[in-house]
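I have placed the structure first, in the form of C-alpha cells, so that the comments after it can refer back to it.
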Amino acid sequence: MLFYGRKIMRKVSQSTSSLVDTTISSASRPRMKKKLKMLNIAKKFLRIQKELPTLQLKEPPPSVLEADLTEFDVANSHLPSEVLYMLKNVRVLGHFEKPLFLELCKHMVFQQCQQGDYVFRPGQPDTSIYVLQDGKLELFLTEPDGKETVMKEVFPGDSVHSLLSILDVITGHQRPYRTVCARAAVDSTVLRLPVEAFSAVFEKYPESLVRVVQIIMVRLQRVTFLALHNYLGLTNELFSHDMQPLRLFPQPGHAARTSPVRHGKRGLSSADDGREPADPLKAGGLETAVPPPPPLSRCISMPVDISGIQKGPRSDFDMAYERGRISVSLQEDSTGALAAFSRSVSHEPKERKSVTVEEQPSGVYHYNYCEDDTAPGDCPFGPYQGRQTSAIFEAAKRELVKLMKVEDPSLLNNRVLLHHAKAGTVIARQGDQDVSLHFVLWGCLHVYQRMIDKAEDVCLFLTQPGEMVGQLAVLTGEPLIFTIKANRDCTFLKISKSDFYEIMREQPSVVLSVAHTVAARMSPFVRQMDFAIDWMAVEAGRALYRQGDKSDCTYIALNGRLRSVIQKGSGKKELIGEYGRGDLIGVVEALTRQPRATTVHAVRDTELAKLPEGTLNNIKRRYPQVVTRLIHLLSQKILGNLQQLRGPFASSGLGMASSSEPTNPTSNLSTVAVLPVCDDVPTAAFTLELKHALNAIGPTLLLTSDIIRARLGSSALDSIQEYRLSGWLAQQEDIHRIVLYQTDCTLTPWTVRCIRQADCILIVGLGDQEPVLGELEQMLENTAVRALKQLVLLHREDGPSPSRTVEWLNMRSWCSGHLHIKCPRRVFSRRSPTKLREMYEKVFEKSADRHSDFSRLARVLTGNTIALVLGGGGARGCSHIGVIKAMEESGIPIDMVGGTSIGAFIGALYAEERSAVRTKQRAREWAKCMNSVFETVLDLTYPITSMFSGSAFNASINKVFQDKQIEDLWLPYFNVTTDITASAMRVHTDGSLWRYVRASASYTPYLPPLCDPKDSHWLVDGCYVNNVPADIARNLGAKTVIAIDVGSQDETDLCNYGDSLSGWWLLWKRLNPWAEKVKVPDMAEIQSRLAYVSCVRQLEVVKSSSYCEYIRPPIDRFKTMDFGKFDEIYDVGYQHGKVVFDGWSRGDIIEKMVKDRRSADFYESKRMDVLTCPSAGFTDLAEIVSRIEPAKPYLSDGYADEESDYLTEYEDEGMEPVRGEEDTFAPSEWASTSALEAEEEKSLRHRPSPAQDPSAPRT
C-alpha cells in the first residue's frame, strides 16, 4: 500500500511541475490531461476529511450549584457569639465602623428569661432592640378580645425590633408597646441594646444621623410597603386616614376659632405644640388691583461639567445625597472649594449630565418671593385674592419653620416656592423620580395609589392644611409610590429635593422632624407588621434555605441575587432558576405548607425581606381580601406549572421552566462585570459603548478602579474600607437600573470586587483572533465564581463572519451562553483615555441605535429580548421574508431567531445575514433549486422509508450554509425537530447548521429521517410537535415573541355520515357529478391530522399567551410545493406585514416592546418563584391560602385593658369625618362642608385613575 501511495504521489508531483511549465507543446497536452485525471483520483483517495469541532457539553461547576456548608461568619469568627449576633442585626441601620460598633456593644444588656417569661409586654417603653442569643422567643399580637396570635418565632441570631419604634426614639417621640409582646418559648438568653445608645454616636457624628434615618425610611418603603402593597394588594390599610388638621390662616373676615374635630386623648403631637394661628393680614396692607396669574413656569437643567468632583473619602452625608438621587447642585463648602454632587450617573473623572426638562403640571402656578422685592404683589388666588402675597408667604414660612424645627429661618430663603393648583390638577404621579416636599396651606391634596392588577386608583388619605406630603420619596430617593392630585383649588409650599438636602446639610436634625411626619402617617397595622416583617442579609454562597426544610416564611429579594437548585433522586443537581431584585421566593411552598423542594443560596451578598407564616395568617384574618390576592398568586404558579416545557438550558438538560414566566438566568440582572480575555481587547471603549446602549433602557452606572478612587478616595479599595465600599456599591445598585463593573487586566483587589459584585460576568474576546484562554480567566478558574458567565466576541464592521466559536467555548469551563457583537469602528480606534472620553461625550448626546448589536446586548442583559419565531408551511414560508422586511422598515429590532421546517431555514438565513435583502436573494436561489423537476426525479428511490433519498435536498441545503455552525451565527438561533427515537421534541442551539435545518424540514414520507451526529437519534420535521415554537423562545429568555404562522389550516366542517362508513358510497359520491359532495378525509389525511394533534394544541396555547404577538399572512391559496411562486408569496407577506406593523406603530405596541418592564419601578415584578412543590388541585386552592391558625387564648395579666388606649391613640380620631378645609370657610358653611368632605372621601376610596379621568387636565 505504501508503494502504490508513493507511486501515485510521484505522478502527482510530475503533473504539478508540468503545469508550471509554460512551454507545453500541443503533443504533450493529452498526456497532461491524463496526469490531471490521475491528480483528481489521488485527491479523492488520499484526502482526509476534516471533522468540524462539536460543542462539548459541560456541567456547571460545584460553585454554581452548591451552597457553602459553613453557616457562620468566618471573617469575624474570633468575636464572641453575642457580638456577632448584634453585628448581624445592627446592619439593618447600615454599616457602623468597628470602633463605633464596639462602642454600641458597651450598652448591651443580658437578659435571662425562663420559659413563659415576657421579654417585653404592652405598657412597657418600646425603646430597645432585642437579639436572641440562645433559646426561642415567640412574638405575639394581642387582639382586642384578649386573645394572642403568634406573629413569628425568633431563633438564635434573630432580633425583635421595629424600625418605626427606633425612629420614634431617635426623633424624641417615644411610645410604649401597645399590642405586641414577646415571650420565651423555652429558657432563653436575650441581648438588649437600648436605642438611646445611638444618641452618643449621632452627637459625635451628626452626618450619620441623616444616613441612619434615610436607611430606616428605605427599609420601611422596600420591606414593609413592598410586601404589603405589591404582593398582598393592601393600599389604604397602610396609612392613617384621619389626621389632626392645622388651622394655619382663618378665613378673612372671620375670627379664629378652634377646630370642631374631636381630639383624641393624646391631643396634638409635640411637633404641633405651641402653634398659634398666624394672620397674614397683619404683615401688610391690601392692594386694590389683582394681577393676572403668571405664565406657566418651565425649568431646564442643562449639561454641567462636574470634573471638579471631590477627591478623598466620601462622608455619610455625601452618600445620603447620592441615595436621594439629587440632581447636580453646587455649594460652597467651608473651605471655599466647590463641591459637586451628582446623581451618580458619572463614569469618568470628567463627567456630563444629560439634559432634563421639568415642567410644572398644568394648572399649577408658582410665585417666587425674595426678601429684596420692593414691589409688593397681590395674591390672585384662594381666599386671599387681592391680599399681599409676601405676607401670606412669610406667614406660611413661619409655620413650615415650626413644623421642620428649623433653627435658622434664613435656611428657607430662596428655597421655598408658593404654589396654587387649580381643581383637577395632578401635582405628581406614581413612579415619578423627581419629587418635592409639599406643605399644604389652604385646601387639601388627595393621595391615590394604583391598585395591584387593576387599572384603578384608591384614595389613601387627604393631606390637610399644615401637613406635608412627598417626604418619604424625598428621603429615600425612591420613585413616588402614590399620585398626588388637587381635586379642588389648593395652595401649598414646595421645596425641591435638592433644596431640602441643602437644608439638611446645614442642619441635619431637620431630617428628624420630617421623618416623624412619615411615621405619624403610618397606620397601627403597619406598626404591628413592622415588628414581624424582617430585613435580613445573606452572604454570598450561604443557603437561604435547603431542600427538605420546613416552609415557614416567604422571602422578597431587595437586592443581590439568589439561585435555586434541585437535587434529583440520583444525586444530580440541576439549576432551576435565579431571582433578582423584587422577586418573590418560596411563596408556593409556604402557602401549601410543603417542605422546601429546592435549595436556594445567595450568588452574592443579598438583602431580603422575610414574611413569616404567622404574620400572613394575621393579615388574612384582618383583611380577607388578601386571600383573593394569594389565590391569584398561587394560581399563576400552578397554571404555569401545567404548561411546563423545556427550560433555558434545554440542550444541556438543565432544569425545567414555566412557559408563563421565563426563568432565564440572565434576566433581571442588576450588576454586570466586564472581564477582558487579553490586553488587546478595547475594554474601555466596549463598556462605554454598552453603557450608551443601556442608558436607553434605564439609568446606568459604569465603575472602574480609577472612577472609584476619584470618587471615594485613593484608599477606597483598602481592606479597612470594605464595608463602606460595599454599602456605597449597594446604594448605587439601588438607584440605577444596572451597574457595569469594568475589571482591571490583572487580578487586583478591584477585579476581585467586580467578580464578587456581579450577577453576570461578560468575558470579552476578539473574534478575529485565535481562540485563547486569558490569564485572568485561568486565575479565576481556581476561585469559586458563582456568577453566570457569558462569552462575548467582538468583530469589526468590515471583518469576516464569526467562526471557530466552538473552540472559544470548549477551552472554557461552563458558560451560560455566547454573543457575537459587530462593533463600530470607533471601538477599535486607538485613542488616549482623554480623547476616548471626549469622543464618547459626543456619542452620549445622541440616542443609541436600536438595531445595533450593543443595543441587542443591552436588551439581553435587562431581560427585554425580542424574538422572531417562524413557523413551518413549505413554500408558504417564503412570506416570512416579506414580513421580516416590513419589520425592518417599522424599526422593530430582532434579538433572537427560531423556527421549524421552512421557518428554520429562513430563520437561519436571517440569523447569518441580518438583512432581509440578502436573505431574500439567497432564499430565491434555493427556491429555484427546489422547483427543479430534473433534480427531484433523480432523487427518487424505492419507497420503503421515504420517496426520496434526501441527497438532492441535502446538497441544496449544504450549498446554502456550507460548513457553518449554529454557534457562528450573528443572532442567537434555535430550531425544533421531532426525535422519533425518543418520541420527544428536540431543540437545537448548537451543532452543524445545515444538518439541523435539514432535520427540521424532513417531512415524512417524502424525506428520510436525519441521524443526529451526536447521538444517532432519528430526527424528522419539527412541525409534528411544535410548528410555531414561540414558547421555546420565551423559555430562552425572550420578553416578547413575534410568531409568524404559515401552516396549512385543516377543514373543520366535516360530514356527519353516521355510525358506519361505506367506501363504495364515498366512491359513488366522488364519481357521480350530480351527487352532493361530502367532506370525508381519506386515510392519509387522517394520519396527517393525528400527527399534528399536539402541534395544534400547542399553537392554541401560544396564540392565547400574553407574551406572543401572533401574525398569519393570507397565504392559504398557495400550496406546500409552490416554490416557483416565490416573489408572489414574498409580496403577500410584505404587504400584510406593512399593514400589521403600521397598526402597531399607531398603537404604541412597538414602543412597549422595547420599553424596559422595570424602568418605572425597579422593585415591581410580577414574576414569582418557580413552582417547587408537589402538584396541587384547584379544588383545595382556596382552602390552602385561606387556612388560618386559631388564635391562642391567653390571659395577659390585665394588659388587655390597655387596648382601649391603643385604639384611642391611633383610631379614635376616625370616629369623626375629616374636615379638610373647614377653617377656610365661614362658620355657617362648616356643617355642609364637613358632610361634603366626608361623603367625598368615602366615594374616593375607589375611583378611576386620575390619568383616565377625561375631565382631569393632563400634565
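The backbone N, Cα and C atoms fix where each Cβ goes, glycine too.
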In TrEMBL, one of 579-583, 899-903, 1124-1128 is tagged motif 'GXSXG'. Which stretch would that be? 899-903
Are there residues at least six beyond either end of the motif 'GXGXXG' (872-877) with Cβ under 8 Å to its Cβ atoms? List them, or say none. 899-906, 927, 930, 1000-1001, 1003, 1021-1023, 1027, 1045-1048, 1115, 1118-1123, 1125-1126, 1129
Considering only Cβ pairs under 8 Å, which range in 92-219, 532-637, 868-1034 makes the most contacts with the domain 'Cyclic nucleotide-binding' (400-504)? 92-219
Across the domain 'Cyclic nucleotide-binding' (532-637), what does the pLDDT come to on average, as a whole number? 86
Site of maximum Cβ density within 10 Å, from active-site residues Ser901, Asp1021: Ser901
Do any residues of this chain, six or more beyond the ends of the motif 'GXSXG' (899-903), have a C-beta under 8 angstroms from a C-beta of it, and if so which? 869-878, 880, 975-976, 1000-1001, 1003, 1021-1023, 1026-1029, 1044, 1046
Structural state census, the motif 'GXGXXG' (872-877) (DSSP three-state): 4 helix, 0 strand, 2 coil
List the Cα distance (Å, whole number) between Asp1021 (active site, proton acceptor) and Ser901 (active site, nucleophile). 6
When DSSP states are folded down to helix, strand and coil, where does Ser901 (active site, nucleophile) land? coil
Take the domain 'Cyclic nucleotide-binding' (400-504) and count its residues per DSSP category (helix H/G/I, strand E/B, coil), listing them in that order. 23 helix, 43 strand, 39 coil
With DSSP helix as H/G/I and strand as E/B, how many residues of the domain 'Cyclic nucleotide-binding' (92-219) fall in helix, strand and coil? 40 helix, 45 strand, 43 coil
